[in-house]
Amino acid sequence: MFLIVGLGNIGVKYHRTRHNIGFDFIDLVSKKYNITLNREKFKGNYGEGFIGQNKVILLKPGTYMNLSGESVREAVNFYKIENDRMIIIYDDIDIDIGRFRIRHRGSAGGHNGIKNIILNLGTDVFPRIKIGIGHPNVDLVSYVLGKFSEDDRINIEKVLKTSVEALECIMDFGIEVAMNKFNGFKL
């Protein structure tokens with residue numbers, strides 16, 4: 001069983017913003033594999049289903065970004081998920097739009113949602129897919145809570161589709177294979 005967590009903020013005003021790319025990812029996986037997030041628990045919305053032969057739980061924390069670790073910890077404890085069976089998807093300002101990176105461990109890199117997950121789990125060793133949203137030329141908060149331009153949104157949709165393939169690869173073949181295959185990806 002895998003726990004797949006997309007990070008974002010709840011509420012209509014955050015829908016499809018740069019900081020909600022993790023929610024966009026979960027929406028795409030949910031649609032592709034017909035997994036409905038119609039249950040409320042773990043301080044968030046979740047659904048269970050299958051991606052190929054892999055049983056998965058898709059989770060969107062409902063705690064706002066900075067407290068995402070509370071939701072993740074509750075789901076991890078309930079399902080007794082091992083760290084290598086939990087995959088977190090989130091935005092990264094240090095990666096250009098049109099790219100993403102897969103990592104199996106690492107610091108929060110200034111991302112408050114990841115910082116809170118590390119705090120709540122007591123480890124930074126867990127797989128993650130970091131989707132590039134580009135570096136701002138303006139105030140960071142305004143940038144991450146802003147929406148993509150029309151052209152950038154088109155590119156983000158392509159990146160999301162490829163990052164779903166990366167998720168499938170992680171589950172089927174392991175994170176090292178996925179990192180070797182996808183970390184050079186660029187539109």
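Yeah, the Cβs are placed from backbone N, Cα and C, and that goes for glycine too.
Since the structure is predicted, the reported quantities are computational estimates derived from the model, not experimental observations.
Among the candidates ASN38, ASN112, ASN120, ASN137, the one that Swiss-Prot lists alongside TYR14, TYR64, ASN66 as binding tRNA is ASN112. Taking the mean position of the Cβ atoms of TYR14, TYR64, ASN66, ASN112 as the tRNA site, the remaining residues of that chain whose Cβ falls within 8 Å of it are ASN9, HIS19, THR63, MET65, LEU67, SER68, GLY113. For the recorded positions ASN9, HIS19, ASP91, a Cα-Cα cutoff of 10 angstroms around ASN66 (tRNA binding site) retains ASN9. Here the candidates are the recorded positions HIS19, TYR64, ASN112. The one whose C-alpha lies nearest to that of ASN9 (site 'Discriminates between blocked and unblocked aminoacyl-tRNA') is TYR64. Among the recorded positions listed here, namely TYR64, ASP91, ASN112, ASP91 has its C-alpha nearest to that of HIS19 (active site, proton acceptor).
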